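Feature list (source: TrEMBL):
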- 20-29, ASN111, 138-139, ARG215, ASP253, ASN366: substrate binding site (BINDING)
- GLU175: active site (ACT_SITE)
- HIS251: active site (ACT_SITE)
- CYS372: active site, nucleophile (ACT_SITE)
Amino acid sequence: MNKATEANFDGLVGPTHNYSGLSFGNVASLNNSTRASNPKAAAKQGLTKMKALADMGFVQGVLAPHERPHIPTLRKLGFAGSDTKVLEQVTKQAPKLLAAVSSASCMWTANAATVSPSGDTSDGRVHFTPANLINKFHRSIEHETTGAILQATFKDEIHFSHHNALPNVDHFGDEGAANHTRFCDQYGEQGIEFFVYGMEAFNQDSPRPTKFPARHTLEASQAVARAHGLSDKQVVYAQQNPAVIDAGVFHNDVIAVGNRNTHFYHQEAFLDTAKMKQDLLKAWGDRASQFHLIEVPSNRISIEDCVQSYLFNSQLLSRGDNDMVLVVPGECENNSTVWNYLNELVEGQSPINEIKMFDLKQSMSNGGGPACLRLRVVLTDAECKAVNPSTLMSNTLFERLNQWVDKHYRDELREADLADPQLLLESHTALDELTQILNLGSVYEFQR
Ligand SMILES: NCCC[C@H](NC(=O)CCC(=O)O)C(=O)O
């Protein structure tokens with residue numbers, strides 16, 4: 001077994017971060033659709049979390065934002081002429097479309113891709129499949145650039161294998177790592193990959209939500225498991241409880257989080273909790289007593305409190321064997337039921353023995369907590385050395401990115417501002433400079 005560690009790659013918030021109510025089924029996105037955003041504060045809140053984790057000794061990387069408004073999409077949809085002309089026309093004819101192609105939603109890199117570490121894959125490489133995010137138009141335009149950025153970050157073909165996104169249809173709706181968790185004893189050994197889905201696409205009679213969409217299908221997860229070369233006995237599937245999707249749990253990472261030998265989840269998260277436990281314990285094998293199932297009962301914390309506080313959208317990080325820290329959003333402290341629970345949890349017998357809290361309000365107001373903002377990539381020492389070093393957080397990079405944000409970002413943005421041709425120019429200038437800072441090459445269409 002190779003020694004390995006879990007790295008976190010956070011999405012850097014882009015200059016057009018705004019609230020426009022694009023995500024039906026995501027309570028925060030719908031509730032905040034008329035508010036002004038603060039892109040500068042949003043980017044800095046994210047950077048503060050990344051830096052704090054790097055300072056705690058974790059490997060922390062940065063994934064660049066995408067070009068927005070995305071003019072190439074508007075051109076595909078028939079708008080023509082200069083960029084300014086395109087903006088002018090779309091503003092007049094289809095303002096909601098402009099909002100959709102302007103979203104900074106690629107910041108939530110838990111949805112960027114599904115990643116399988118080399119310990120799990122048949123060819124011994126780390127595999128990446130960008131998520132097609134087909135359920136929301138504004139997110140369905142992410143996967144190509146995501147793929148380009150992942151390839152510029154994890155370049156070496158000896159260590160890294162990059163797949164295309166799955167077919168762009170609802171049957172293969174894929175929301176990436178937000179619905180994927182890996183359990184293991186040590187990171188470098190073969191682990192259990194746990195795929196959670198919202199519905200079975202090819203089985204009309206199977207249970208599914210009635211109010212909000214199930215974004216992710218079983219068939220998508222199966223395709224990713226095949227493409228990554230995972231062995232059947234190391235893969236476990238579980239269906240989300242349709243009722244919690246209808247209550248605002250649009251991704252499983254709003255209601256469950258896992259790391260190594262610990263699964264922390266809500267009693268109502270899964271359609272069949274007993275089966276989920278049985279399947280995980282079976283895959284875990286003969287050391288079942290070392291696997292921790294921390295189930296939060298409904299009479300302790302309601303689904304509504306989970307959705308409001310984002311308790312489970314936390315990062316569960318190992319500082320050593322049986323020593324984990326839970327990184328939660330500030331909203332958890334403001335909810336006394338959740339806060340009391342967390343204090344009891346760290347004092348109890350579970351491996352979770354510290355809580356760290358971050359102010360991520362700008363992202364939270366669009367339904368993205370600490371876990372949404374990061375893509376986990378388990379890397380051996382050799383793989384870690386092969387990562388593009390300019391993307392790894394350090395004192396220098398932290399300072400450089402803060403200066404970059406100060407120079408290029410606005411501190412207030414409303415939906416109406418998205419029509420401003422100056423914003424497009426600012427965004428291109430900023431991203432062009434960023435590709436140099438992160439040494440990414442020409443990953444954006446406007447650079448080619
Ligand atoms: N993992 C968290 C994802 C949050 C994301 N929100 C958004 O896209 C909201 C954008 C807006 O409404 O402006 C989503 O729902 O997929």
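From the backbone N, Cα and C atoms, a Cβ is placed for every residue, glycine too.
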* Check each residue in the chain of ALA28 (substrate binding site) that is at least six apart in sequence and keep those whose C-beta is under 8 Å from its C-beta; list them in sequence order. => MET364, SER365, ASN366, GLY367
* Asked: Which of the recorded positions PHE24, ALA28, GLU175, ASP253 have a Cβ less than 6 Å from any atom of ligand 1?
  -> none
* Asked: In sequence order, what residues of the same chain, 6+ apart, have a Cβ less than 8 Å from the Cβ of the residue listed as 'active site, nucleophile'?
  -> TRP108, THR109, ALA110, ASN111, ALA178, HIS251, ASP253, ASN313, SER363
* What residue among the binding-site residues SER20, ASN26, ASN111 has the most other CB atoms lying within 10 A of its CB? -> ASN111
* Looking only at ARG139, HIS251, the recorded positions on record, which one has the least crowded Cβ, with the fewest other Cβ atoms within 10 Å? -> ARG139
* Asked: Which entry in the list of recorded positions, GLU175, ASP253, has its Cβ near the fewest other Cβ atoms, using 10 Å as the limit?
  -> ASP253
* Asked: So among the binding-site residues LEU22, PHE24, who's got the most Cβ atoms within 10 Å?
  -> LEU22
* Structure fact -> Rounding to whole Å, the Cα atoms of SER20 (substrate binding site) and GLU175 (active site) are apart by 20
* Sort HIS251 (active site) into helix, strand or coil using the DSSP assignment. => coil
* To do: Measure from the CA atom of GLU175 (active site) to the CA atom of ASN26 (substrate binding site) and give the result in Å, rounded to a whole number.
  => 14
